[in-house]
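Undergrad: From TrEMBL, here are the annotated features:
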BINDING   Ala29, Gly30, Ala31, Gly32, Ala33, Gly34, Lys35, Thr36  ATP binding site
DOMAIN    8-348  domain 'UvrD-like helicase ATP-binding'
Amino acid sequence: MLQTEIDELEVQKNINSCIDSFKSFRFNAGAGAGKTYALIQTIRYILRNKLIDLRRKNQQVICITYTNVAVREIKERLGSSEVVLISTIHDRLWSIIKPYQKELIEIHDQKLRKEIELISNELSDKDNPKLAKYASLSEQERIDLHSFLFKHRENYFLNRDKSAAEFRKSYESIPNKPMCFNDLIKSAGNFKEVAKRIYRKSRYDQCIQDIENNKKTKVDYDSAFNADRLEYMKFSHDTLLEYSQTLFDKYPMLCRLVIDKYPYFFVDEYQDSNEKVINIIKQLFTASVEIKKSWLVGYFGDTAQNIYDDGVGRKITKMHSQVLEINKIYNRRSHKKIIDIANMIRNDEIRQKPIFDERNDGTVEFYYCATSINQEEIALSFLNKYRSDLLSDEKTLKKQIDCLVLTNKLMATLSGFGDIQSNVSNAKSIYWNEINTKLLSHDLEKLHPTIHLLYKVIKLQISLTEKNSTYKDIFGTIKGGISFSRALQISEALKNIKANTLNDFIFELSKILTNSTFDATALENILQNLSVKLKDFKEEQDFYSYLKSEISVLMLGSENTSLDDADPEETKSLLNITLDQWHRWVNFIDRNEKDKEIIYHTYHGTKGEEYENVAIIMEHSFGGGHEGRDKFKNYFLKLEEIKRVMESEGKAVKTDDEFENTKNLIYVAYTRAIKNLKILYIDDIQEIQGGIKAAFGIDALILDV
C-alpha cells in the first residue's frame, strides 16, 4: 500500500473516531477527493458498529443531500437499510415538520397576513411607477375599481397573456366602467400589475377566513412548483425552509425530538445548503450540548464548489464554527498538472496532491479567439482541432471529448436540440432561470409536468423503432387481462406510424388510442404508461387535443387559454419540431450519449462528474442578461489587481460574493478533467491576460480558424 493511501485511511479513522465520541465535524475535500466515498464509508462504519444500539433505541441515521440524483447515487452505493434515511434536504425537513399541522397552519396564517400587508404597502406606494396611478386614487375610486374587477374577473384571466392592444380591446364592450378605468388601462402592463395584486390579496383574505372557520385544516409542501400557492394551502421550496426554521425557533421540543430519534445527522455537499438549513442544524447541535445528549452532525463538502446563489459556501465556517475540521488533500481523479492548476484557482488552505504517482501526464492549454465569426463555428473549429490531436496521441486511449459551455442555449444548439430549447425558453409557464431544471434536468421529477409528459411520449416513440423493445416499454405494467394477440395488434399499429415531427406522431397515436376496434384495456394501459388518465380529458377531447392543450398552457401561461387564443404559433412551433431533435433531447436527459465523439454540458450540469478529455468554452459574459454581463472578464481583471497589489504592497484585496461565485464556477468546470484539458476563450483577452496567467499559470495561445 502506498504511503498516500495509508494517509488517506488515517483521514477516515479520524472521522470514525468522531463517530465513536459523538464529536461533530466538517469534512472538507477538493474535487476528485472521494467525498461521497468517505460519506458512505462513515455510514457503513455506523452500521457495523452501532446498529444494535440504534435498533434497541429505535433510532435512525439521517443523510441529506442537495438533489434527487445524489440521493439515488448514495442509495445505490450504500445499499438498502431501514436504519439509514437518505433524502433531499427539503424532503427530510418536510417529513419532520409535516405532523405538526396545527402549528404549521398558525405559521401559514401569519405568512398570509404578512403577504397581505406587503401587497397593501405596494398598492399605496406612489413612488412605484407601475403602481403610482392606483396609489393616487381616492378611497371611493378604489372601491369602484375593485367592484368592477371582481365582477369581470373572468375577462382578466382570459386575456391577461395577450398583447397590450388586445388586452385593452377585451374591455371595450364592457359597460359601466369606473371613472378611473380608462386612465389606468392606458398602460396595460401597469394595469395588470395592479389587478394581479388586488386579486391575490382577495384570495389571501379568503384563505385566512377559511382557516378561521376551520374550512382549511391542512397545509402541504408542493415539491413540483417553485412558487408558493398560499391560497391553496400549498408552499414551495424556499417557504418550506422558512416554516421549518420558524418551527424549530418557536418549539424547542422539536429539537429534542429530532436529537432523540436521529443521533447521527450527515449533510452531503454542505456548501450548497441554504443558510436556514445550517441555522436549524446549529440549533440541534446547541440543544444537544445543553441537554447533554449524544448527537453529532457530519458535514461533507467543499466550499470551493459552492456555485448556487443560495448556498451557504464559506459562511458556514462562521455560522457553525464549533465542529472539528477534517481536511483531505489527496485527489483520486486527476493528473498532477490538472491538480496543480486547480490549486492555483481555488487558492485556499486545501492544496491537493495526486494519490497515485503514475498520474503524472496530462495537458492543459488555453486558447483565445476574438474574431467576428459565429460562436458555434469557433467552438466547432476548436473542438475539431482538439479531436485531431487526440486521435494522433497514442498515449490517450479514450478519444471522446466532454465540452463544457456557459449557456443552455449554446449547449442545446451544439447538442442538436436547439429549437426545443429556444421554444421552451419562451414559455410563459417557466421563468428564464428555471430552464436548466424544468427542461434540461437529468432528474425526471424536476422537469416541468408537461415537459415530463413529452419526454414519456418521445420515449414511447423511440421504443417503437427499436428491435429490442418490450411490451412493457409500450404498455407499462399491464393491469387487467390483455391477450398476446390483442397486444400484438396494437403494437403493430403503433410501429407502423410514419412521422417526422412531434405533431405527426401524437396525431397518429391519438387515432390509435381512440380506435374502438382495439382492446380498450390495452389502450388505457398505454395512457397510464404516459401518466395520463382518461378522467384528465375534457368532454369530447382525444389524446391529440389533450396534449395540445397541455402544451398551450405551458407556452401561454394560462389554464384559461385555449389553443386558439393568444399567439398559437408558439404552440405550433414546438409541435412541429422534428423527432430527430426530440430524440437528441431525450438522450441528453438520459445521459445516453456515450457513443458521441463530443458530448456537451453546461458548467453547472457537470458537478460531481469526471471526464478523461475536457474542453471548456469561456467568454466575457455569462448569458445575455444583465446579471451575467462581463462576469468572467471582471473576475480576471480583479485577479490581476489582487496579484499586483500583493506583489507591490504585500496586502490582500477584498473580494465580493460575485468574485467568489465566478471562481468556484471556474474551479468546478476545470476539475472535471482527468487527464487532458483545453480552454477556449471566445473574446478579446488583451485587458485580462494578466488575470488569466494568474489563474492558470500558462500563456494563452491564439486559435487559428
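Cβ coordinates are placed from backbone N, Cα and C, and glycine is handled just like the others.
Model, not experiment: these values are computed from the prediction.
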Undergrad: If you count Cβ atoms within 10 Å of the Cβ of Lys35 (ATP binding site), leaving out that atom itself, what do you get?
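TA: Step by step: centre on the Cβ of Lys35 (ATP binding site), count other Cβ atoms within 10 Å, giving 22.
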Undergrad: Starting from the Cβ centroid of Ala29, Gly30, Ala31, Gly32, Ala33, Gly34, Lys35, Thr36, which together make up the recorded ATP site, report each further residue of the same chain whose Cβ lies within 8 Å of that point, ordered by sequence.
TA: Ala38, Asp302, Lys328, Asn331, Arg332, Arg333
Undergrad: Counting Cβ neighbours within 10 Å across all chains shown, tell me which of the binding-site residues Gly30, Gly32, Gly34 comes out on top.
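TA: When each Cβ's neighbours within 10 Å are tallied, Gly30 leads.
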Undergrad: For Thr36 (ATP binding site), just count the other CB atoms lying within 10 A of its CB, please.
TA: 18
Undergrad: Give the number of CB atoms, excluding that of Ala33 (ATP binding site) itself, located within 10 Å of its CB.
TA: 24
Undergrad: If we count other C-beta atoms within 10 Å, could you say which of the binding-site residues Ala29, Ala31 has the fewest?
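TA: Each of the binding-site residues Ala29, Ala31 was scored; lowest Cβ tally within 10 Å is Ala29.
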